[in-house]
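**Q** Sequence annotations record features per position, and here TrEMBL assigns L-glutamate binding site to A:Arg40. What TrEMBL lists as pyridoxal 5'-phosphate binding site is A:Ala74, A:Ser75, A:Trp100, A:Thr148, A:Asp167, A:Gln190, A:Asn232, A:Thr233. TrEMBL lists A:4-336 with the feature domain 'Aminotransferase class V'. TrEMBL lists A:Lys191 with the feature N6-(pyridoxal phosphate)lysine.
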There are 2 protein chains.
Amino acid sequence: MKHNFGAGPGILPQEVLKQAAAAVINFNGTGLSLLEISHRSAEFEAVLDEAVSLVKELFEVPSGYSVLFLQGGASTQFAMVPYNLLPEGGKAAYVESGVWANKALKEAKYFGTVDVVATSKESNFTYIPKDFEVPADAAYLHITSNNTIYGTQLQQFPSSPVPLVCDMSSDIFSRKVNVADFGLIYAGAQKNMGPAGVTLVIVKDDILGKVDRKIPAMFNYQTQIEGGSMYNTPPVFAIYVSMLTLNWLKAKGGVEAIEKDNLAKSKALYTEIDRNPLFKAVAVPEDRSHMNVCFVAENPEHEKPFLKLCDEKGIVGLKGHRSVGGFRASIYNALPITSVHVLIETMQEFAEKNK
Amino acid sequence: MKHNFGAGPGILPQEVLKQAAAAVINFNGTGLSLLEISHRSAEFEAVLDEAVSLVKELFEVPSGYSVLFLQGGASTQFAMVPYNLLPEGGKAAYVESGVWANKALKEAKYFGTVDVVATSKESNFTYIPKDFEVPADAAYLHITSNNTIYGTQLQQFPSSPVPLVCDMSSDIFSRKVNVADFGLIYAGAQKNMGPAGVTLVIVKDDILGKVDRKIPAMFNYQTQIEGGSMYNTPPVFAIYVSMLTLNWLKAKGGVEAIEKDNLAKSKALYTEIDRNPLFKAVAVPEDRSHMNVCFVAENPEHEKPFLKLCDEKGIVGLKGHRSVGGFRASIYNALPITSVHVLIETMQEFAEKNK
């Protein structure tokens, strides 16, 4: 039994993995593998429809929004967002809260002017920049809801005079969000929603069609909406596993229920970090992430022996990102609180040994 | 036992499916699912390295070429090719041999001038256009090696004074190809190489860097080469299954051996179509595809009852594309000749019943 604290591709529910493995052999009693059926078959169309319906239901997506399952990850969205939303000669506002936000704004520069309205770069992104003005003539405001590398998370979304575009790759479906506040939400699936290879996009239809440039079919949200995420062959398996994971979430009681579980997990872990004299948290308290708990050893020499002890306890994926060091406990939806307890006990055992 | 003649996502080897299902539960004894391990883990990096090596080995890729596993399907390549290769104000040559070739050239129009040097549109693409001149000032010549919908296939690649770009989605690894003759080869995996969700690109390094436009990172071959197909999180599962399928092909004796098998399958099937008075082939004899055998019933009223009989025999995926009608037997690498024999016997039984 492993305790998977990896930052992503991250842990998925055991029952989802069992269903996915079975479908690779024989999908829904068709006698064929899920990997070798047509994406235009009634069987797969039902999967895609169910995945879209579950997103709408679990996230309470209002009418006037389209739900898409695309390829290319959030990194492709970094370019697709300005391709579709930033007019020639126009301007877009970005909040720089980490490396991924920085990558997003760099892509936007290919399409127009970028106004970095706030940044926490000077502190190596240990907090979420909050006080900023959004120019009323910006095409949109781009934010990142959770920053995996630094363990920071937006606890309150900014109000914006222009459409709000949000990269939710690392905390989608982990907490309640009012979708109506957003123009566009995107998320690579591989943390809270499914395996690598599919990207969720929720877009307000009426923010589209306002740029003049010609957009290749695959990079055009309008084409993808008209094709119902099947303009071309979609990533069948990744969508299926996402559908299973969303169904698992629904059975758990939905987003509201998982949010409670996630808060309990992060509270337990931060309490131990704050209490344990050998460790300290990376992010400022008010911006601490409930998805990625980043912490370091007070004594850098403790880093290796602690990771070794974790390894002995079956704890995997705890090493921090190289730009921060230390440890990162990713406690995504599918991670049971029992794994958090094992980590806490290991921290306590380590502190006891190193008094 | 089903006989899967589906056009794609198509049949995969049974042993590949078994290995893939097992990896979804416990990957290489890690105690973790393949779906929940880091793409930066040594375990996955070994998978990607092996997949790249197998492509190079099986296709005898010369030095000076890069092998990439990307997302977005061939449809994304339709745009990426001109994005990277067609200079502002420049011209590209396209052979229009089917709907997919047409889609490819439409995307190129966003980036420059398109010169359709040959088309078989007037005959609904029942043959491969052959007599054409390629302008020496074209940035590249784009061709499609196999046209799934019409069952036509290039039996000889044209010689070209400019870099040859080829969509090999539906016949990659089905026959020997001299990679050195090409500037760029691309293929969605979901016919001969793996599941939907990953696209192979083999690109000659020195044809890149000749356009001035700025290209977003994800759409830039150079970024993808520098990132070793891991500029961002790759489609882990789809790459793994492709690696397994390439290993299966290697164990079968490689491309040369499978080409012999494929020729035996197509010869048996075309012989029956030509012999059986109830059916006739769609494509002209010299351009017949060894991957997709398209045929129609001489009497259109036979179509439904024949499909019904096929269904009773466990033959699936035989219905032709709506733009051609009739039947399409896709006989990709993983389809055993025994399945072709079952189809032939079913055609004979049907002819016997309908004398």
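Heads up, the Cβ atoms here are built off N, Cα and C, so glycines get one too.
Show me how these features fit into the shown structure, please.
**A** Counted within 10 Å of its Cβ, the other Cβ atoms near A:Arg40 (L-glutamate binding site) come to 12, all protein chains included.
Long-range Cβ contacts of A:Gln190 (pyridoxal 5'-phosphate binding site) within its own chain (separation 6+, distance under 8 Å): A:Gly8, A:Pro9, A:Gly10, A:Ala196, A:Gly197. Secondary structure from DSSP puts A:Gln190 (pyridoxal 5'-phosphate binding site) in coil.
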**Q** If you measure every Cα to Cα distance among A:Ala74, A:Ser75, A:Trp100, A:Thr148, A:Asp167, A:Gln190, A:Asn232, A:Thr233, the residues said to bind pyridoxal 5'-phosphate, what is the biggest one in Å?
**A** 31
**Q** To see if you understand the setup: which same-chain residues, six or more apart in sequence, place their Cβ under 8 Å from that of A:Lys191 (N6-(pyridoxal phosphate)lysine)?
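**A** In sequence order, the residues whose Cβ lies under 8 Å from that of A:Lys191 (N6-(pyridoxal phosphate)lysine) (at least 6 apart) are A:Ala7, A:Gly8, A:Pro9, A:Gly10, A:Thr148, A:Ser169, A:Ser170, A:Asp171, A:Ile172, A:Met291, A:Ser330, A:Tyr332.
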**Q** Tell me whether A:Asp167 (pyridoxal 5'-phosphate binding site) sits in a helix, a strand or coil according to DSSP.
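**A** Going by the DSSP assignment, A:Asp167 (pyridoxal 5'-phosphate binding site) falls within a strand, counted as strand.
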**Q** 10 Å Cβ neighbour count around A:Thr233 (pyridoxal 5'-phosphate binding site)?
**A** 24
**Q** For the recorded positions A:Gln190, A:Lys191, A:Thr233, which residues show a Cβ-Cβ distance under 8 Å to chain B?
**A** A:Gln190, A:Thr233
**Q** What's the CA-CA gap between A:Thr233 (pyridoxal 5'-phosphate binding site) and A:Arg40 (L-glutamate binding site) in angstrom, rounded?
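**A** Distance (Cα to Cα, whole Å): 9 Å.
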